[in-house]
Amino acid sequence: MVMAVEDSVVRVVVRVRPPTPKELESQRRPVIQVVDERMLVFDPEECDGGFPGLKWSGSHNGPKKKGKDLTFVFDRVFGEMATQEDVFQHTTHNILDSFLQGYNCSVFAYGATGAGKTHTMLGREGEPGIMYLTTMELYRRLEARQEEKQFEVLISYLEVYNEQIHDLLEPKGPLTIREDPDKGVVVPGLSFHQPASAEQLLEMLTRGNCSRTQHPTDANATSSRSHAIFQIFVKQQDRVPGLTQALRVAKMSLIDLAGSERASSTHAKGERLREGANINRSLLALINVLNALADAKGRKSHVPYRDSKLTRLLKDSIGGNCRTVMIAAISPSSLTYEDTYNTLKYADRAKEIRLTLKSNVISVDHHISQYATICQQLQAEVAFLREKLQMYEAGAQALQQQCSPQPPTLSIPQSLSSSSLQPGPSSQSSTLECHAKNETLQEESLGSDAQGQEIVEESASEQEQCPQDKQCPTQKPEPNLPGSPSPSVQAKPGTGQHSPQKQDADHSKQLALQVLRLAQRQYSLLQAANLLTPDMISEFETLQQLVLEESVDHRAESPRSPALARGDPLAQALCSESKSSGYCGPVTRTMAKQLNGLTHTLGAPLAPDCTSDKTFQKPTKEKKRKLTPEEPGSLPAPNLEMKRQRQSFLPCLRRGSLPKAQPCSEPRTPKRERASSPSPSSRVCPATVIKSRVPLGPSALQNCSTPLALPTRDLNTTFNVSEESPSKPSFQEFVDWEKVSPELNSTDQPFLPSAPVFIFTKGRKPSLPAVTASKKRRTMRPSVSRGRSCIARLHSSTLKKPNRPFTVPEPPLSPHCLDDQRTPKGLTGVTESY
């Protein structure tokens, strides 16, 4: 038990009761004069003037004066007009704080019979005493601390009557007193009650007062014939358990002593006389204890506690570990002159009693049995936290695997989404992978040149998928591969989140996606180098058909997904020109570079655009790049004001859809052209006639060509330009011809008009039978190309054939060829976007 030691003294207050009607009738002079709140004068001198007509009775009417004009100083003096609340505020209200801190407290009222002790302690209806007020205040403070601490309140109520102890709450026979080394003075058999509220406690106090012994005497009509002791025990502890938990136990004693009386004044006889004698004996023992404690002044001396049962019960309250308040009740009348004087004398003597206060705090260190329970709780908490941490780490690993970044792949334009090439069933993925392996062998022998045509076709394929009533989003391209001017962007995986069970399927889709990208790049490289054979074209078309079927199924599930809109099937790439609104964007220098370098080799008819004129957007500044050191022949493009372009013959191309082309290192024609990258052969492999449509260049510096005369006949036919002396077609004049730069002077270079005009490459006429276009692709022999090219080629037998036949979709007839006898089937070598 840990105790905080504190020195204190007994606090003494004096209360002067009002005069009774009997005292007023006797016209006795008062012997008490209250000077201030702390001082009073006993038996003051009579004033010479006095009151006119008022004469005090002589000495024969009262006792002689003793200690005339005596002054007493106390901690507090209450006059005749003081209320019960005033007495409570300066007595028990102040010591309640110490009581809740674990200090024992005691309040007792001392005085002669009829001085107002019981009225001060118990009060009456409508004017409760200190016991009632203290109980209410105690419960109010306990409720204020209820959230922090747990409280347990016990009460007991006993009386000492004729030197016998009786229980007032449960009346029974006399009880004995025992000394306990730890608890001090105890009364075995005394009942303790635990009230649930302050009202219940007051009800118990009222019931005990009714059991108390009272008899009227001549001095007091309601004289108490016993000493009453009301005790309150409070045990409190913190609500949060722990090793530092402390248990506080305190006791408060509210004592109403019986008044000393004189037999001559009370005229007591028989039982009342014996009661009075026992009361006086116990009070005498109390006075002796007070004198012994006052004379000791901290020294060890004998204190006669055993002279009376009252002093034994009050051992802790008066001279022990307790904060004590003594209320001295006196009468102002001279009828009680001797009793008042004795009360003031003993009260003044009690002020000299010094006390040693100790706070009763029981440390939790002594409760070893709680350690095992606390250890079990801590172990359970550690196990729970470890399990929670493992679950968190497992979830983090799964999320990291799910959101792992894709490996570096080939650069593709932003307009192409990776989700458009994702295969569906596993059988199709295996077929695509087999085709891509053979194409990889061809790519290694060709290098990494001529990527411009690939991007042009991809842009055209993207424009097909956009619905006519909506505008396809245009994104700014960014260069990705060094040495390649083609704008590209890294492919992004699907935005959908997959569960861990679908990781295997996602891995297969990603693998198939990489294979399709490789095949796409292979096709563009072969096409740009003019190394495609009919067998290769057939295999690539078969591969494109598989992707088309998967895109159609995937589009049916989520038609509004932006990623599906980028999957461009082959059939839509050759849609009718009548369904397109034409290319309305400006022809940039980058577009002219691509077409200037590619159309000399292959004239690739690009797919028409499916967007309307209302959805065109202005080109971004990123489209106009600066000249690189690899293009010394390029001249700076003139600054042209932004304006709305006329309908171009390339409806599949929107603004920003044509990426930059790979520059060539060797001239493909005798005319002045841009340099291209090295190629195994300087000659172009002649093939069947391929007609192409390219946009109008902004100036001759960009197209490196001179204007030609417009043809006056329909051009939607098949021409053979491999003859020795091809005829030079005539051209009609354009409406916007004055907008073309005057630098277009030479007539021996290809020209990019703004109206539908076809540009053809020169070559010798192939000796092939006049059959349909699809039959020509299948029956063409590699020897025809080998006779006119020095580039090493792989024989068509080394390429793996598709598992199923593929039919090249035929484009619809153009309105310009309705009066022509020939059909578009005569066109061969048409390139489709992949």
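Just so you know, the numbers here start at 1 and follow the chain as drawn.
Including glycine, each Cβ sits where the backbone N, Cα and C put it.
Residues or ranges marked as ATP binding site in Swiss-Prot: GLY111, ALA112, THR113, GLY114, ALA115, GLY116, LYS117, THR118. Among the features that Swiss-Prot reports, coiled coil is placed at 368-404, with the record citing sequence analysis. The annotation compositional bias 'Low complexity' is assigned in Swiss-Prot to 411-432. The compositional bias 'Polar residues' feature in Swiss-Prot is assigned to 462-474. The feature compositional bias 'Basic and acidic residues' is assigned by Swiss-Prot to 611-620. Among the features that Swiss-Prot reports, domain 'Kinesin motor' is placed at 9-353, with the record citing sequence analysis. Residues annotated as phosphothreonine in Swiss-Prot, with similarity to another entry given as evidence: THR431, THR669. Under the heading phosphoserine, Swiss-Prot lists SER484, SER634, SER657, SER814. Annotation source Swiss-Prot lists region 'Disordered' at 400-508, 602-642, 655-686, 800-834. Residues or ranges marked as motif 'Nuclear localization signal' in Swiss-Prot (evidence: similarity to another entry): 619-627.
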Practice prompt. Would you mind listing, in sequence order, the residues at least six apart from ALA115 (ATP binding site) in the same chain with a Cβ closer than 8 Å to its Cβ?
Written response: ARG17, GLY259, ALA329, ILE330, SER331, THR336, ASP339, THR343
Worksheet entry | Residues within 8 Å of the GLY111, ALA112, THR113, GLY114, ALA115, GLY116, LYS117, THR118 Cβ centre (excluding the ATP site residues themselves) | ARG17, ALA109, ASN220, GLY259, ALA329, SER331
Response to the item:
Sparsest Cβ environment (other Cβ within 10 Å) among binding-site residues GLY111, GLY116 belongs to GLY116
Practice prompt. For THR118 (ATP binding site), just give me the three-state DSSP call.
Written response: helix
Worksheet, complete the sentence: Per DSSP (three-state), GLY111 (ATP binding site) is strand
Fill in: Distant-in-sequence Cβ neighbours of THR113 (ATP binding site), under 8 Å, six or more positions away
THR217, ALA219, ASN220, SER223, ALA258, GLY259, SER260, GLU261, THR266, ASP339
Item to complete: Might you list, by sequence position, any residue in that chain lying six or more from GLY114 (ATP binding site) with a Cβ less than 8 Å away from its Cβ?
Response: THR20, ALA219, ASN220, SER223, GLY259, SER331, THR336
Practice prompt. Determine the Cβ neighbour count for ALA112 (ATP binding site): the number of other Cβ atoms within 10 Å of its Cβ.
Written response: 24
Item to complete: Pop the mean pLDDT for the motif 'Nuclear localization signal' (619-627) in here, whole number is fine.
Response: 43
Item to complete: Return the residues near THR118 (ATP binding site), defined as same-chain residues 6+ apart in sequence whose C-beta is under 8 angstroms from its C-beta, sorted by sequence, else 'none'.
Response: ALA109, GLY129, THR222, SER224, ASP256
Worksheet item: Long-range same-chain neighbours of LYS117 (ATP binding site), Cβ under 8 Å, sequence gap at least 6?
Response: ALA109, TYR110, GLY111, SER224, ASP256, LEU257, GLY259, ILE327, ALA329
